[in-house]
Every structure is written in structure tokens, then in C-alpha cells.
């Protein structure tokens, strides 16, 4: 890339930087980007850049692969049903240890190394994420969000800190739950009136034809997104991600994006370029 191209890119980004300065963007960090050092470092720099130009990023993370690694080290076999982790009390203790004590702090350290200031918390802090058992409780301590109490985030964001939130919630009685990070991100985005919800995934976005990379849906709306699910254009793991976006938009989030986290700087490409890189869903 020559100097002219660099200047052109900066020029293209300027109106987006101006538009989103001071706005909150909730980003779900997960998938391959968490396991590849180059992708991780690019993500940390992207978050730092967003913060530097005045955007207010809030990062929600899971950590499935890291949880599985620690379960295996402790000779516990991970168990799943319909894509959900079966979470007994012993597994829940490991989930909390890994997400809150290891994955969360690795993200904080990575962002802080760029010169920005991140603060790691979980849904337990300030009762940020209240939860209950999912469905009939057959998955154990897998939970769903009942309420978001975002007040703890306000002083962090107002002072320029970047909140990094692990997707653990609890009941008012103190029972912890492991919650799907996509849905946590969507509920937090709605609760804080975020400008955008962005899900980093291991797919390009919504494809009209499952195995056709050229069939990417670059922009769609709530009605079409629901139709994609009903007509089984969106299937398998993309269903909960799309549903999460639909729910967030229905609660007032202005735009939701499903993007390919396997591409370096995909976050900046989606936010600061005309063409974007994934699927944007609007109300």
C-alpha cells in the first residue's frame, strides 16, 4: 500500500469517525479471533483505535475453547446438547475461573498494552447481568438474561475506560449462570442504547446460499432477517446469532452486524468503510 492509498483510506473513514464519536458500540469477541495471536493483536489494536477516535467500545466475551482446554486438564469431559454446554456445579466453577480470571484478564492486558485503558468485569459485578436457568433447567447452570443493570458501566465509559465483560450472570440469590455471550452482548447493547451491536464470528455473515461465498447479504432489515430464519436460509449456529441481532434491534439498537473475525481488522473495515465486510441488519 502506498501513501496515496493510506490517505484515501483515512479520508473515507473520516465521516464515520465523526458520526460515531461519543457513541457506544457493543462488540462480542469470540471464535477463531480468540485463538490466533495475529487476530488477537489486531483486535486489541482495533479496540484501542476506536477508543482513541472517540468511539465508546464495550467488549463482551465468551471463551469456549479455553474452557474446554481446562476441563480436559482437570480430566473432565465437556458435554454439549443442542450446542449448549451441560454445566453442573463443578463445571460452573471452572467456567467462572477461566472466563473471569483468565480470558477476561488476557483481553484487558492485550488492550492495555496498546496504550488504551481496559477494565475487566463480569456480569456479577454490580449485578450487571441478572439471570435464571435456561428453559427447564436440563442444561444445569446454563442461564438466560432476565435483567441488565448497566449503572456500573456509566462511570467507566464516561472516564474513557473500555469495559471488558465476561458472560457470567447470577440470580439475586447468588447462583451463577453460564450465558451465551452473543445474547449477553445483545441485551447489554439494548440496555445502554448502543449505536451498534457487532458479533465477531467464524463466518462471513448471512449467506443466501450456505456454501456460496458470493451470496453474502451485505445489508438487510428486521423483516427479512426473520424471513431468513423461517425459510431456513439461516441455519444451525447462525440462528441464535441472527435472533440475538433481531432482539437487540427490536429493543432500540440502531444496527447489528455479523462479521468475519477471521479477517484482520474486520472490525474497522465494517465500521469505517463504505462497503463494510459482513452483514448489517437494521430496523
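Each residue, glycine too, has its Cβ placed from N, Cα and C.
Among 23, 85, the residue that Swiss-Prot places alongside 63, 64, 178 at the substrate binding site is 85. All protein chains considered, the CB of residue 28 (site 'Transition state stabilizer') has 29 other CB atoms within 10 Å.
Residues 63, 64, 85, 178, recorded as binding substrate, reach a greatest CA to CA spacing of 12 Å. The C-beta environment of residue 63 (substrate binding site), restricted to residues of the same chain at least 6 apart in sequence and closer than 8 Å, consists of 30, 34, 98, 99, 102, 103, 166. The Cβ of residue 85 (substrate binding site) lies under 8 Å from the Cβ of 64, 67, 78, 79, 91, 95, 139, 142, 178, each of these being in the same chain and 6 or more residues away along the sequence. Taking the Cα atom of each, residue 28 (site 'Transition state stabilizer') and residue 241 (site 'Transition state stabilizer') are about 11 angstrom apart.
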